[in-house]
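**Q** Quick one: structure below, then a few questions.
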Amino acid sequence: MMKILWIFGVLAVVFSANNVLGKHLNTHHLTYEDLPLSQRRFFNNVRALLQKRLNQNAVAESDWPSFNHALDSPHNALADNDNVAKSAVAIPTPVLVENWPKVAHRFGQVTAVSIDPYGNPVIFHRADRFWDSNTFNETNNIFYYIENGPIKEATIYTLDAKTGNILSSWGENMFYLPHGLTIDTHGNYWITDVAMHQAFKLRASESQPLLTIGTPFRPGSSVKHLCKPTSIAVATTGEFFVADGYCNQRILKFNAAGRLLRIIPQPPVPHAITLLERLDLLCIADRENMRVVCPKAGLKSSKGEGQPAATIQEPDLGRVFGVAAYDDIVYAVNGPTSMLPVRGFTINPKSETIIGHWGKFKNPHSIAVSSNTSTLYVTEIGSDYQANRIWKYVLV
C-alpha cells in the first residue's frame, strides 16, 4: 500500500512539474534546454526516481539488495544518480546484489564472464594455473608449460542467475590458459586461449570447435597466426572481431565463415571488445593508454570502417580491463592503476564522457550485461579462491 501511495505521490509531483513547465513554455516560448540547470535537474531527478522505483518493483525480492545494504555497501552506485539524471532518459545504474552467489565457490582466476541464452552467467577460469613472469618466453611468447598438457578440471561453469549455484560445467582437458569468453545470440561459445594463441567457436559442452583461428602454440603476426588473443565480439550478422592481443596490437574482423575481412591496427593492449551495433561501433578497452576507443565497425557501411569515431579518456578512468555494451552505452571496469579507485564506469560514446561511477573492486578482469539488460556481472582474478569471484548487479 505504501508503494502505491509513494508512486502516486511522485506522479503528482511530475504532473505538477510538467504543468508548470508547460505553462512556462507556452508563455515565454522557451525550450526545455532554456530552463535553468537547477530546474532541469529537478525534473530529471523526479523522473529518474520514479523510473528507479518502478524498476525496483519489477525485480524479484531475492535479487534486490536491501536499501540499508545499498547505502552502506562499498559497491553502492546510488550516489551517482545525479550524473544519471542529467540526461533526458535515465541510464540504468548498477546496484550490487548482496549475498550472491548464495554459496561461495572455489574458482581459479576467473578471466571472463558471459551470459547464455537463458540469462545465466557463464564463467571461464584457469583452475590451478596462473599467469606470471615465468609463464611465457619473453622473446618469442612461447608458453613454457606445454608439456603439462591442458587443464584437467572443468574450465567453464554455468551459474544459476537467481542463486549463483553451479548448473553445469565442461571444458576439461581442452584449454591451457583461458582468457576471453563470449556467448552469441545462438548460444555459441567464442573463446580465446593466450597460451595456445588461438580463438575458438564451440557449441556448449562440445570439445570439437566449429571454427578455429590461429595456429596452436605458434604465435605470429601473419593472417594465419595470433599472439595471445584477448577477446571476441560477435555481431548479429554473424561477423566477428578478435582482439589480438598482447603481442600483435590489432583487431581482426572476420565474416561468419571465418574469412578475414579487415585488420584494424590498435595500440597495446586491446584487452576487451564489445559491439554497439545500433551506432555501428566496436568499443575497445585500450588498457595501456587508459581509455576506451570506439572505431567504426563497418557492419552497416564500409565508410570510415576501422577509423576512430569516439574516444573516452578521462583522468579517473585508469587501465581499462573490461567493456560491455548496453544499447548505446558502455559499462566498463578498470584495474589497479597507481592511486586511482578500482571501480565501474558508465560511459556514453556519443558524448565521449563518463556519466556514472559504481562498484568497488580489487582486480576486475571481465564484465557482461544480460541480453534483457536487467543484470550485469563482473569477475575478478587474484592469487586465491576468495579473490577469484563473480559479482552480480541489477540495472535500475
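Using N, Cα and C of the backbone, Cβ positions are placed for all residues, glycine too.
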**Q** I want to verify the bond table. Which candidate from C247, C283 sits on the other end of the disulfide that TrEMBL records for C227?
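**A** When TrEMBL is consulted, C227 turns out to be bridged to C247.
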**Q** C-alpha of V113 (Ca(2+) binding site) to C-alpha of R126 (protein binding site): distance in Å?
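**A** R126 (protein binding site) has its Cα 13 Å from the Cα of V113 (Ca(2+) binding site).
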**Q** Listed protein-binding residues R126, Y246, R287 - what's their greatest C-alpha to C-alpha distance in Å?
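**A** If we measure all Cα pairs in R126, Y246, R287, the largest is 21 Å.
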**Q** Find the one among the recorded positions R126, L181, C227, R287 whose C-alpha lies closest to that of C294 (disulfide bond).
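**A** Comparing Cα positions, the candidate nearest C294 (disulfide bond) turns out to be R287.
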**Q** Spatially, and counting Cα to Cα, which of the recorded positions is closest to C247 (disulfide bond)? Options: R126, L181, C283, R287.
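**A** For C247 (disulfide bond), the closest Cα among R126, L181, C283, R287 is found at R287.
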**Q** Far apart in sequence but close in space: which same-chain residues, 6 or more away, have a Cβ under 8 Å from R287 (protein binding site)?
**A** P268, V269, P270, H271, R319, V320, F321, G335
